[in-house]
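The transmembrane segment annotation in TrEMBL covers 41-60, 66-83, 145-162.
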Amino acid sequence: MSEGDSVGDSVHGKPSVVYRFFTRLGQIYQSWLDKSTPYTAVRWVVTLGLSFVYMIRVYLLQGWYIVTYALGIYHLNLFIAFLSPKVDPSLMEDSDDGPSLPTKQNEEFRPFIRRLPEFKFWHSATKGILVAMVCTFFEAFNVPVFWPILVMYFIMLFCITMKRQIKHMIKYRYIPFTHGKRTYKGKEDAGKTFAS
């Protein structure tokens, strides 16, 4: 490999200004993501706020319904991945070579591990909203369409998809949320001794 052939290298072997700029920008972005990790509620409030701003923009512009429909389908896909277990129990049904969710009372408890973790769900949903917002600035994405058909189709798709997901959850007995799950406590008097 000759001098300057590697990624981001300038003619003199040092990283180019553009490469250093984007590397530093990526580091700053990752730093902000890392700092936002513990603030789940704040992150989702910001995402809902962005979603509200996007909806207001689409309403005022009276267009970009295809972009909004695509955003809805993308969010539905993310939500289904968020609700699904990392290892699909229907695929593990016939083989005993991997972990599965407990189906009987006496089986060992295995925690629910999501296919799409909450942070990645939030990050992808927020990026999707921002990309859709950017698309509303370009007339090429404003395809004329009768929007009530898209709304009805999305509602139908949502209901069918969620019905299938709920049936899957009932069949394989998993709950993707921690609210309402049984918690076990040990004996409280295990360390006490009796004084005579």
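Backbone N, Cα and C define each Cβ position, glycine as well.
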| message | Six or more residues beyond either end and a Cβ under 8 Å away: which residues meet both conditions relative to the transmembrane segment (66-83)? | response | 54-55, 58, 114-116, 118, 121, 124-125, 128-129, 132, 135-136, 141, 143, 145, 150, 153-154, 157-158, 161, 165, 169, 176
| query | By a Cβ-Cβ criterion of under 8 Å, what residues six or more beyond either terminus of the transmembrane segment (41-60) are in contact with it? | reply | 67-68, 71, 122, 125-126, 129-130, 132-133, 136
